[in-house]
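Q: Pasting in a structure now, in structure tokens, and then I'll have a few things to ask.
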Amino acid sequence: MTAAPASPQQMRDRLLQAIDSQSNIRNMVAVLEVISSLERYPITKEALEETRLGKLINDVRKKTKNEELAKRAKRLLRSWQKLIEPVHQNEVALRALAGAAGSANGGAHNCRPEMGVAGAPKSIHDLKNRNDIQRLPGQRLDRLGSRKRRGDQRDLGHPGPPHKVSKGSPDPLVPNASPLPTNGISGSPESLPSPLDGSGHLGPDGSRLEPSDNEKHSTKIPVNAVRPRPSSPGLGKPPVPCLQTKAAQLQQLDRADESPGPPYPRGSSRCSFSPRNSRHEGSFSRHRSSYIPKGQVSSPSPWPQPPDNTQVPSPLPLAQPPTPPVRRQELLPNAESPVHWPEQSEGHPRLTGPACRAGFSPDSSKADSDATSSGGSDSKKKKRYRPRDYTVNLDGQVAEAGVKPVRLKERKLTFDPMTRQIRPLTQKEPVRADSPVPTEQLPRTELEQQEVKASLQSPFEQTNWKELSRNEIIQSYLSRQSSLLSSSGAQTPGAHHFMAEYLKQEESSRQGARQPHVLLPLPTPTDLPGLTREVTQDDLDRIQAQQWPGVNGCEDTQGNWYDWTQCISLDPHGDDGRLNILPYVCLD
């Protein structure tokens, strides 16, 4: 092979030369070279549609007896199938980003960069300082001023990533606790949970109450959670929903058991990063402020409530706050312990609104709620891109919004000759299921008509048993059946016996009914005109006008009259043998 890579069309031509019309391999070396070239070639969907290499490779895979070649071809077809189907393409990107060191912040999630809320650049040193806040309890109070300044920047219209602080601070931002929506149904795994019940519940005295065993078992760690890499170069970018920060928030959850802190009010707004679950969240948000589940009692809230933000949450903004989603905790609040929110310290006067805590202004939440209602088509398109990690509520039922879509064996691809594109066969399956119905009705009507005709005549009358008995296949079958019956010791006569008896009876009845077809014998003549007497005028009139057997013609046994100028066809023996008699007289 040359140094320059061959085009897909050239590789297709080589493959066609190496196989015959039935996809049998004639040149194994050439086929292996084409497979190797295709494994290294970054082929596109358009090239596959133009060359139809997938069909050729699949036909070769089916016909070949070389197991190694079949495995390589199947692996190649799988990679092409993932290229064509977006679902598989998304999963491949997710695996690649999870394994790469420089892209640990999860670029496989479908973020919407056109939304108004954009994350400010975050330095590695800043991130490390925030991790130090979690590790060193003694330094927490020293950094309240810096947190205040960051909160002021967010209120002034400079949205930045909401910082992660420990649970012991007076203003705990707990972005990794996900409460159930107030109607009791688990939310989508892509939603950013509101900071409620992340580390248990608080009693009236501010002390932390341990969550029940039910609540402990209801949490689920994502499958793709990895340990954070603070030195990763990808951390300098605006964060998106990623794997690294999930694990970082898991560590923060474990440390939260040591430092009690008041949670947010229940009505604090929830944020989400992905528009794919806006449909579910939109329906949940309508019931959230008016409906309370059975085990939850609306407790008195002594803290001041910001207007239009605290109790009425915004219905899932499509804009993505920079903080990525982390471990989900589906913990219902403790119904018996009313939550008391202490007065906030003087250092945090601007962080009272939960919309500011979530990282966006109330204006952006209103705009995002409008975008939610108009983004129904986007949510339908993105509905398939669900993550693998799903949440379980307290009853043990899988959350409806987080269920991975069931993909049956419907991803068989086909080539549409009209559009010349490769597409799945899912839309044609119900048509196929319905199509046999009219085809079944047509034979039924024909069969009914045939049955009506057959009922008029007996099947014995329609069957030519004589010809059937002379058939070699029938005779061999009957003899085989008789031999089987005799070998098995059966005393009853076989089918050939009944057939022979029937044919004998039929033959005798036919012979009895059949008569020979001959001429009538002439009586001995006593009156011979011209010999015994003279010819008279009456004799002449009889010859010309009347039938005179033996004189001007003859008669057969069936009553037919023949003159001497006609051919006579007889059956003298009654065995269908014909005796043809030529005319006695030929008149010119």
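Yeah, the Cβs are placed from backbone N, Cα and C, and that goes for glycine too.
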Q: Going by Swiss-Prot, point out which residue in S259, S274, S361, S435 is annotated as phosphoserine.
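A: With Swiss-Prot as the source, phosphoserine is noted for S435.
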Q: Of 412-441, 442-471, 502-531, which range does Swiss-Prot call region 'Disordered'?
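A: Checking Swiss-Prot against the ranges 412-441, 442-471, 502-531, the region 'Disordered' one is 412-441.
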Q: Let me know the model's mean pLDDT on the domain 'TFIIS N-terminal' (10-87).
A: 87
